[in-house]
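Shown next, in structure tokens, is the structure this report addresses.
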């Protein structure tokens, strides 16, 4: 079955809404945070059964072990032991972000090109690139990307698109936008030949230009996509993100779920959920955890600071996550980080993921009570 989306409550205070997405592998209560499991695994988190939707990267899974190999083993759900919804990207995001950086990295660096030259050529057919693992030459077209995602068997899939950095040349930006929408139409056409249980979101580009964002919305709205994903360059800071998301969401129909690609840190979620965004994906909680940044109700906690060296409080008093409930103290966690124990990142990741799910429950409650 393709997904079904139901709006359960529309806030009286904003465009925020509480909804439910139904897929063949279960329900997703929205707004939802969607952690990124790059290679089919959430770094430092062993149990993902309580995570409603997980984001896996097609590019990395194509490179190893291969989409066909995963299909032969029963698909991605069977391969990673997950009986809950999965979303996969097209592979394009990873290819271009390896060259230009991710959306989050772009905001920090204003889109300075990264050192690795993995892209060989981009044309209307698709993108030629080198494997980041062994340097072998690979090719990704809209049809190849969608077939790979069908082999993986994710519940929600995305069309191939080109991710451009904030500093892209205006002429090339226009060419890229036109090519991206051709790729998306080809992706959708290929998907609709055999949709099965999968659903496809259309990706809206347009950079920081309101008129281009509106054109992107019209393109996606005019085609039978199952949902909308706000992608592409979102600017250089949170203010830009808010402006881009606000304009884009205002030009989308309420009937389809809306996903914000590559943005899922707490300040951005709080700043944009009022526009009616239904899901946010990011590797932020686990990446922050591996660097000793602990998410708490009182704000981020830098566990490596000397002040926690003899702090015998739980990571966060009152927290019910596995780390806190097992008595992992701030002093002990700091010690684990200082001696480079792998357990440090694991405990921190478990806590951070639990915190994100807690925040999303609070957000849904706030919308239901018309406070957000």
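Glycine too: its Cβ is placed from the backbone N, Cα and C atoms.
According to Swiss-Prot, the feature active site, proton acceptor maps to 89, an assignment based on sequence analysis. Marked as substrate binding site by Swiss-Prot on the basis of sequence analysis: 89, 90, 91, 92, 93, 161, 232. According to Swiss-Prot, the region 'RNA binding' annotation covers 262-268, 286-290. Swiss-Prot lists 281 with the feature active site, nucleophile, giving sequence analysis as the kind of evidence. Swiss-Prot lists 319, 321, 324, 351 with the feature Zn(2+) binding site, giving sequence analysis as the kind of evidence.
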Next item on the list: Could you round the CA separation between the residue listed as 'active site, nucleophile' and residue 161 (substrate binding site) to a whole angstrom and send it over?
Entry: 17
Next item on the list: Provide, as an integer number of angstrom, the distance between the C-alpha atoms of residue 321 (Zn(2+) binding site) and residue 232 (substrate binding site).
Entry: 34
Checklist line | Surrounding residues of the region 'RNA binding' (262-268) on its own chain - C-beta under 8 Å, 6+ positions past either end | finding: 33-35, 93, 102-104, 231, 234, 238, 241, 280-282, 284, 295, 356, 359
Check: When DSSP states are grouped into helix, strand and coil, how many residues of the region 'RNA binding' (286-290) land in each?
Finding: 5 helix, 0 strand, 0 coil
Notebook entry, point to check: For residue 281 (active site, nucleophile), which DSSP three-state class applies?
Noted result: strand
Check: Can you tell me how far the Cα of residue 324 (Zn(2+) binding site) sits from the Cα of residue 161 (substrate binding site), in Å?
Finding: 41
Check: Cα distance, residue 351 (Zn(2+) binding site) to residue 93 (substrate binding site), nearest Å?
Finding: 28
Next item on the list: List nothing but the one residue from 89, 161, 281 whose Cβ has the fewest other Cβ atoms within 10 Å; the candidates are the recorded positions.
Entry: 281
Notebook entry, point to check: To the nearest whole angstrom, what is the C-alpha distance linking residue 351 (Zn(2+) binding site) and residue 232 (substrate binding site)?
Noted result: 30
Notebook entry, point to check: If you skip the near sequence neighbours and keep only those at least six away, which residues in the chain come within under 8 angstroms of residue 92 (substrate binding site), Cβ to Cβ?
Noted result: 59, 127, 140, 145, 160, 161, 162, 163
Checklist line | Secondary structure at residue 90 (substrate binding site), reduced by DSSP to three states | finding: coil
Item checked: Secondary-structure category, per DSSP, in which residue 319 (Zn(2+) binding site) falls -> coil
